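First comes the structure, then the notes that go with it.
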Amino acid sequence: MGVAYQAQGSGRHISEDAPCERQYVSITDGTDKVRGKIEQTGEKLSATLKEVARRAPQAEIYVVGYPAILPSDGTECGRELPIAPGDVTYLREKEEQLNAMLKQRAEAAGTHYVDTYTPFEGHDACADAGTRWIEPLLDDDAAAVHPNGRGERAMADAVVHTLATSK
């Protein structure tokens with residue numbers, strides 16, 4: 001959705017507030033544009049899941065959620081992900097809302113949801129190199145803000161666990 005990159009760019013100039021939240025949440029009525037995008041995406045996902053089920057009625061469908069990218073304690077990441085401290089909490093809430101929508105839509109469609117967020121707690125992009133499962137935004141590397149090898153393994157383990165326990 002591009003929100004993290006906008007915050008990253010803004011975070012370099014403004015330190016102790018939340019420029020992303022200011023940009024995406026109306027100060028007059030509290031409307032959150034990102035939440036609106038999540039809801040629109042949910043409608044599209046529901047339609048897609050319905051169509052997949054129609055075309056492949058015997059298929060077992062699994063919707064895989066997003067892993068935790070930012071630290072749960074709301075601390076800033078500094079150089080790894082230069083996001084304004086106030087936006088760390090805001091963006092984490094948006095990711096939690098996105099995952100909640102994915103889970104709700106998957107369950108409403110009678111499909112399965114794979115939680116990758118919970119296993120990634122403490123292994124976010126701001127964790128030490130030996131601990132993190134998400135790579136930080138250090139440069140224009142293609143793997144920035146994506147799972148590394150340990151993260152891919154953790155995601156695969158979450159999928160395998162859900163496969164084993166959903167039957």
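Positions of Cβ are set from backbone N, Cα and C atoms, glycine also.
Automatic prediction, not curation, is the source of TrEMBL annotations.
According to TrEMBL, the domain 'SGNH hydrolase-type esterase' annotation covers 21-154.
DSSP assigns Cys77 (disulfide bond) to coil, not to a helix or a strand. The disulfide bond annotation in TrEMBL covers Cys77-Cys126.
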- For the domain 'SGNH hydrolase-type esterase' (21-154), DSSP counts of helix, strand and coil? 61 helix, 10 strand, 63 coil
- Task: Tell me the Cβ neighbour count for Cys126 (disulfide bond), meaning other Cβ atoms within 10 Å of its Cβ, over all protein chains shown.
- Result: 22
